Amino acid sequence: MLNVRLFLPGMGWRLFLEWWPVAVPASGEAGVDIFLVLSGFLIGSALQREIATTGGIAFGTFCLRRAFRIFPAIVSAAIATAVKNLVVGEPLECPNAAWSRNAVMFNNWPGAPVTCLGHTWSVALELQLYLATPLLLWASSVSHALLARLLPGSKVSAASVTAALCLGIWLACAALRLQWVNAARGSNLDTMALYFSTHFRCATYVAGVLAGVTIASLDPKDFAKAQPPWIGVLATAALSTSFVVVAFACFVGADLSADIDGLVVARYRQLAPGFAALHQAFLRPLFGAALGCIMFLCAVGLAPLTRAFLAWAGWRPLAGLSYSMYLLQYVGFPLLEKPFLSWVGHSLLVAPLWLGILVAYVAVALFIIAAVPLAFLNYALVELPGIAAGKRVAEAIGSVLAALRRRHSAAGEEATGEASEERAGFDLEGGSGSGRHLEVEAKAFAGGRVAAAS
């Protein structure tokens with residue numbers, strides 16, 4: 001969770017001792033998991049539909065469009081951060097010696113040097129998972145083909161195989177987390193590895209992929225209509241459980257690695273070591289599974305009220321600006337929130353707790369408000385042109401490749417025709433067989449070569 005002491009120097013320790021009132025605005029870590037689940041859902045469903053439509057995935061096009069979507073905004077955020085440093089008289093953060101890690105997107109690995117835009121570690125994590133998703137679906141296709149050969153009468157669908165692989169990855173991630181937590185008991189291992197590392201954070205993304213692939217492989221309307229009445233009861237129970245898990249994760253922190261106070265967590269582990277270990281190992285994967293369950297139930301029409309709330313048109317502008325808001329959050333911070341907190345922080349030392357709570361919520365609101373104007377400019381001037389450029393470049397490369405394939409196919413047809421004529425003429429001159437036999441043989445030969453070329 002966000003370290004409230006950094007933002008409320010006077011009231012901070014009192015809020016730590018009674019931190020529950022500010023748990024929601026302080027649970028910024030939950031936003032990363034929400035982004036991961038949403039990204040997995042969108043990428044997984046899009047690639048599954050592409051496979052159903054074209055029979056495969058254009059991996060080069062996929063990577064190219066992701067690069068144009070992600071990197072221009074990171075460059076502009078680095079420039080904005082440098083300008084902010086100059087304006088407020090701070091040392092220049094961007095670019096620095098570790099700036100290249102933002103470009104290769106490995107700045108979430110443990111032991112990575114501190115780079116400007118350090119919060120882009122989550123963007124690096126998402127990009128790594130983006131690139132792994134087509135490989136996951138390819139492995140699913142291969143596994144499905146092998147299964148069909150081994151069990152010819154099997155009716156297992158490719159989407160079911162993908163779901164099984166996603167579930168296996170989710171379980172593997174949870175098992176790795178549990179192993180790490182057990183190894184860390186009684187030692188001083190860095191808990192940040194659990195927070196940043198890809199293999200410890202991929203469960204939430206995979207939960208989104210599972211939900212997206214499942215939705216893309218069925219008709220949500222038919223699914224909702226074809227189910228017996230007891231499915232509604234089961235869906236209500238699943239939805240309620242999911243909301244409880246989400247609320248608990250936001251309230252107490254998903255894995256205690258970005259916690260509000262080390263002393264509180266140490267006391268927690270001392271009083272309930274077994275429960276604390278399970279909490280640290282499994283709550284974050286369960287948080288992703290709960291969000292994926294909510295999205296699935298909304299998509300198939302089994303959670304109409306939640307779906308209506310999430311489909312509210314007012315969320316769309318924030319969703320569009322969310323990436324730029326995340327990148328530019330610390331550029332806008334000195335404009336509104338920091339002066340506000342510097343003004344009121346120390347005066348809250350003897351103030352009632354409710355006033356400190358109110359200040360915490362106001363500070364979070366100012367944090368968001370300060371990022372919106374900059375995010376809008378970045379979205380309009382950088383993100384949208386980058387997305388459009390990525391689409392145009394991908395289409396241009398696709399057109400060039402298609403032209404090369406057509407030229408290669410035409411050359412193959414021409415070469416096949418010449419070879420067939422030479423072979424037929426040779427056989428006629430040599431008197432080996434009838435003319436009808438030679439004609440059929442030449443056509444079959446030419447047809448095979450054309451099919452191979454195409």
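Here the Cβ of each residue, glycine as well, is placed from N, Cα and C on the backbone.
Taken from TrEMBL, the feature domain 'Acyltransferase 3' covers 14-369.
Here TrEMBL flags 412-435 as region 'Disordered'.
Look at TrEMBL and you will find 20-47 (among others) tagged as transmembrane segment.
What TrEMBL lists as transmembrane segment is 68-87 (among others).
Annotated transmembrane segment per TrEMBL: 127-147 (among others), in sequence order.
The transmembrane segment annotation in TrEMBL covers 159-178 (among others). Remote same-chain partners of the transmembrane segment (159-178), defined as residues 6 or more beyond its termini with a Cβ less than 8 Å from a stretch Cβ, comprise 48, 136-137, 139-140, 143-144, 147, 194, 199-203, 206-207, 209-210, 213-214, 216-218, 255, 277-278, 280-282, 284-285, 288-289.
For 198-218 (among others), the entry in TrEMBL reads transmembrane segment.
Per TrEMBL, transmembrane segment is recorded for 230-254 (among others).
Among the features that TrEMBL reports, transmembrane segment is placed at 282-303 (among others). Same-chain residues lying 6 or more positions outside the transmembrane segment (282-303) and placing a CB less than 8 Å from one of its CB atoms are 30, 33-34, 36-38, 40-41, 170, 173-174, 177-178, 201, 203-208, 210-211, 214-215, 218, 220-221, 223-224, 231-232, 235, 238-239, 241-243, 245-246, 248-249, 254-255, 310.
Residues annotated as transmembrane segment in TrEMBL: 315-333 (among others). Tertiary neighbourhood of the transmembrane segment (315-333): same-chain residues 31, 35, 73-74, 77, 80-81, 84, 117, 119-120, 122-123, 367-368, 370-376, 378-379, 382-383, selected by CB-CB distance under 8 Å and a gap of 6+ residues from either end.
As annotated by TrEMBL, transmembrane segment applies to 353-382 (among others).
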Stretch in 68-87, 198-218, 230-254, 353-382 most in contact with the transmembrane segment (127-147), if contact is a CB pair under 8 A: 198-218
Residues from the same chain, set at least six apart from the ends of the transmembrane segment (68-87), whose C-beta lies under 8 A from its own: 93-95, 99, 102-103, 116-117, 120, 123, 127, 323-324, 327-328, 330-331, 334, 374, 378, 381-383, 385-387, 389-391, 393
Outside the transmembrane segment (198-218), six or more residues from its ends: residues with CB under 8 Å to it: 33, 36-46, 48-49, 52, 108-109, 125-126, 128-129, 133, 136-137, 157-159, 162-163, 166-167, 169-170, 173-174, 176-177, 180, 284-285, 287-289, 291-293, 295-296, 299-300
